[in-house]
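Novice: Mind having a look at this structure? Questions to follow.
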Amino acid sequence: QIFNQHNAEALSLEQAFHRMAQTEPNLDHDVSWFLLPSYWAKMVVALSSFLCFANSYDGDFVFDDSEAIINNKDLRAETPLGDLWYHDFWGSKLSSNTSHKSYRPLTVLTFRINYLLAGGFYPVGFHVVNIILHCTISVLMIDVFSILLGGLQFSNKGRRLNLAPKSSLLAALLFAVHPVHTECVAGIVGRADLLCALFFLLSFLGYCKAFRENKEGHTFSILWVLVSVILGAIAMLCKEQGITILGLNAVFDALVINKINLLELIQKLLHKDKSLENAGQLRKGLLFRITLLMSGGASILYIRWRIMGTGPPAFTEVDNPASFADSLFVRAINYNYYYSLNAWLLLCPWWLCFDWSMGCIPLIKSVSDWRIIALAALWFCLIGLICQALCSEDSHKRRILTLGLGFLIIPFLPASNLFFRVGFVIAERVIYLPSIGYCILFTYGFSLLSKQAKKKKILAVAVLGILLINVMRCALRSSQWRSEEQLFRSALSVCPLNAKVHYNVGKNLADKGNQSAAIKYYREAVRLNPKYVHAMNNLGNILKERNELHEAEELLSLAVQIQPDFAAAWMNLGIVQNSLRRFEEAEQSYWTAIKHRKKYPDCYYNLGRLYADLNRHIDALNAWRNATVLKPEHSLAWNNMIILLDNTGNLAQAEAVGREALELIPNDHSLMFSLANVLGKSQKYKESEALFLKAIKANPNAASYHGNLAVLYHRWGNLDLAKKHYEVSLKLDPMAPGTKENYNLLRRKLEQLQKKGG
């Protein structure tokens, strides 16, 4: 043994554990690792998990955070709390055909609480909660692993004993510092997996609490079994994987509480052995408890199905290409390849990526593909482990291996494509719960190696080295999740064939104003995926702004040809056609966009601009009015209505519209400016002056604001103030149209007045 410099309390605990577990081998006997009192072990795990992800606390909202948090109306106070129960994770109605069907109302509720406490979208609070959740889960893992690795035993006072303190500490540390968890912790959307894991573990611990050991054997509490079912339901309301804990509780009951030998049981069932009628497991209430678990699970799934309202979500081929393959062989072989990649991420979490879709992993289409080796290796290992779990004469080994495989496989089943199509190829976040099984198997493997090794210190140091490398990898990966630019660029080396990676890098560059670099990445995204309509749309937009109209039109026309209901592409195509002065085609494109997205204020705004260019003033006003009805804060539509009414001499109507707009958007300086112009023409000089000054205070560097205020003073007869604001306007913009002429007129008038006065 090494690392055995511990206090007397720890030594006495170890002796007590050995006395309690004389009937079966103790895993800790062969594990060369630290032995710490329970309190210190939990402190070490909490500190380790905190160090891994602490540098993500002040990161931005990145990737899916925008849709799940910033654009999710369910977080805002004006949305009734009851709506959370009828909306999906992204804020869409579950009954909608476009809904993602991810039903996680409790996760959304925690986002809403974060938003309300912070008073807005400030990511620090969201990140801190995620870090705290992971630390809490990691600490709970010590209790969970102590049961899974050491068994469930109680003292005479009914207190649960930790019979594997060293093994449970090692397994918990492996879990706490695993780099594959970075997406769940550093990405705010990973809150769903963290909350699900928390209640998943509480459900398991609650199920264990149902049992007490006394002279007559095991008794159980129906109340705690029901509590476990309820906690499983709560886990599912955080994320769908949570329901799998009920199956794992049943497996744990059979293997640990009832000590069933699965191979013997299968053989007896096949041979209809009469000894089953008086089997011990029936006396211990196993069937009754499994019936409770199955009934609870079925009820939860039925309610979930009823709330979902419609069938499963509709994903596209780029989300999960293998699931769209015509050949059953191709689907099966690629699903298994995905499983092997998930296993590799657990074993060697070095190549991590925020998104594995869009060509990141090309399909295997024939058995001659060398990647078949990965499938063979996976199933060779799994079959070997399953054989050992079923056939080993060592009951302790059978139990640990079966529990390890159970926790590895069962929580992964919802993401396996076996029961329904999922919307991803690989998602690191879904490995959060299955990694529990990996940690069990790793720890058990380490104990076997320790038992055989002559130099145990070297082996222990090697494992300590793995933990330290994982801590550094977590810290590095967390820093990459702090901003979208770092996150997206980190994926270029991992998934260079992923069109979505190039698209996101391009979008990030475009948002920062670097259009030339953005074009390069958008073009690469389209090259990698010639049907990537969103990349075509964004590239077309940039080309439109750079006045490369013909190529923009080609791209946008191709996008709507590939996806005829792509409303944004139809609108952008209309803008390009309008710029090319093909007005009828532009109008048709706008109306097609509105047909596919009825509530589309930006499209109504652009349609109004088209009508204004064609001097169809009433149609323009109606279009802009529709835009403001759909989006009352649509400042551009309000401004255009005021300006059009002003230019056509309808000053009273323009004034009414301006006042209505300012009531809705009281701090919009452009609306103040437009209404001030109208009031000036209506000779309401005092009110006009007040609005001009308010607009200038909000935006002091707008030359036109100073220039038009100077015109107002010029008309009003306040010539000195007019001169002052003309000069400010010309200083800000020497080429301001009309300002120089007006200023020269004013100077001549002032000179004439001086001559008369002289």
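Positions of Cβ are set from backbone N, Cα and C atoms, glycine also.
Got these off TrEMBL a minute ago, pasting:
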- 311-383: domain 'DUF1736' (DOMAIN)
- 499-532: repeat 'TPR' (REPEAT)
- 533-566: repeat 'TPR' (REPEAT)
- 601-634: repeat 'TPR' (REPEAT)
- 703-736: repeat 'TPR' (REPEAT)
- 131-151: transmembrane segment (TRANSMEM)
- 188-208: transmembrane segment (TRANSMEM)
- 220-237: transmembrane segment (TRANSMEM)
- 243-266: transmembrane segment (TRANSMEM)
- 286-305: transmembrane segment (TRANSMEM)
- 372-391: transmembrane segment (TRANSMEM)
- 403-424: transmembrane segment (TRANSMEM)
- 430-449: transmembrane segment (TRANSMEM)
- 458-476: transmembrane segment (TRANSMEM)
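Mind mapping these onto the model and telling me what they sit next to?
Specialist: Counting same-chain residues at least six beyond the ends of the repeat 'TPR' (499-532), those with a Cβ under 8 angstroms from any Cβ of the stretch are 63, 318, 353, 355, 357-360, 484-485, 488-489, 491-492, 538-539, 542-543, 545-546, 555, 562.
Listed by sequence, the residues of this chain that lie at least six past the ends of the repeat 'TPR' (533-566) yet keep a Cβ under 8 A from its Cβ atoms are 499, 502-503, 506-507, 510, 515, 518-519, 522-523, 525-526, 572-573, 575-577, 579-580, 592, 596.
Taken through DSSP, the repeat 'TPR' (601-634) splits into 27 helix, 0 strand, 7 coil.
Sequence-distant contacts of the repeat 'TPR' (703-736) (same chain, six or more residues past either end, CB-CB distance under 8 Å): 669, 673, 676-677, 680, 685, 688-689, 692-693, 695-696, 742-743, 746-747, 749-750, 753.
Within the chain carrying the transmembrane segment (131-151), a Cβ under 8 angstroms from the stretch's Cβ atoms is held by residues 17, 21, 24, 26-28, 38, 41-42, 45-46, 48-50, 53-54, 56-57, 160-165, 167-169, 171-172, 175-176, 181, 184-185, 191, 194-195, 197-198, 201-202, 204-205, 208, 252, 256, 399-400, 403-404, 407, 436, 439-440, 443-444, all 6 or more beyond its ends.
Sequence-distant contacts of the transmembrane segment (188-208) (same chain, at least 6 residues past either end, Cβ-Cβ under 8 Å): 61, 63-65, 68-69, 89, 104, 106-107, 110-111, 123, 126-127, 129-130, 133-134, 136-137, 140-141, 143-144, 147, 152, 160, 224-225, 227-229, 231-232, 234-236, 238-239, 241-242, 244-246, 248-249, 252-253, 411, 429-430, 432-433.
When Cβ-Cβ distances below 8 Å are used as the criterion, the transmembrane segment (372-391) is approached by residues 262-263, 333, 336-337, 339-341, 343-344, 364, 397-398, 401-402, 404-405, 441 of the same chain, each at least six residues removed from its ends.
Long-range contacts of the transmembrane segment (458-476) within the same chain: residues 2-3, 32-33, 48, 51-53, 55, 170, 173-174, 177-179, 181-182, 349-350, 446, 449-450, each at least 6 residues beyond the stretch ends and with a Cβ under 8 Å from a Cβ of the stretch.
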Novice: Given the transmembrane segment (220-237), which of the listed stretches 243-266, 286-305, 403-424, 430-449 has the most Cβ pairs that are under 8 Å apart from it?
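Specialist: Per the Cβ count, the answer is 286-305.
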Novice: Taking residues 6+ outside the transmembrane segment (243-266), which of them lie with a CB under 8 Å of any CB in it?
Specialist: 147-148, 151-152, 200, 203-204, 207-208, 211, 218, 228-229, 231-233, 235-236, 280-281, 284, 286, 289-290, 293-294, 296-297, 300-301, 389-391, 395, 398-399, 402-403, 406-407, 410-411, 413-414, 433
Novice: Determine the mean pLDDT over the repeat 'TPR' (601-634), rounding to the nearest whole number.
Specialist: 95
Novice: Given a Cβ distance threshold of under 8 angstroms, which distant residues of the chain, six or more beyond its ends, lie next to the transmembrane segment (403-424)?
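Specialist: Residues 100, 148, 200, 240-241, 243-245, 247-248, 251-252, 255-256, 312-313, 315, 319-320, 322-323, 331, 335, 338-339, 342, 356-357, 382, 385-386, 389, 430-431, 433-434, 436-438, 440-441, 444 contact the transmembrane segment (403-424) from elsewhere in the chain.
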Novice: Count up the helix, strand and coil residues in the repeat 'TPR' (533-566) according to DSSP, in that order.
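Specialist: For that range the per-state counts are 27 helix, 0 strand, 7 coil.
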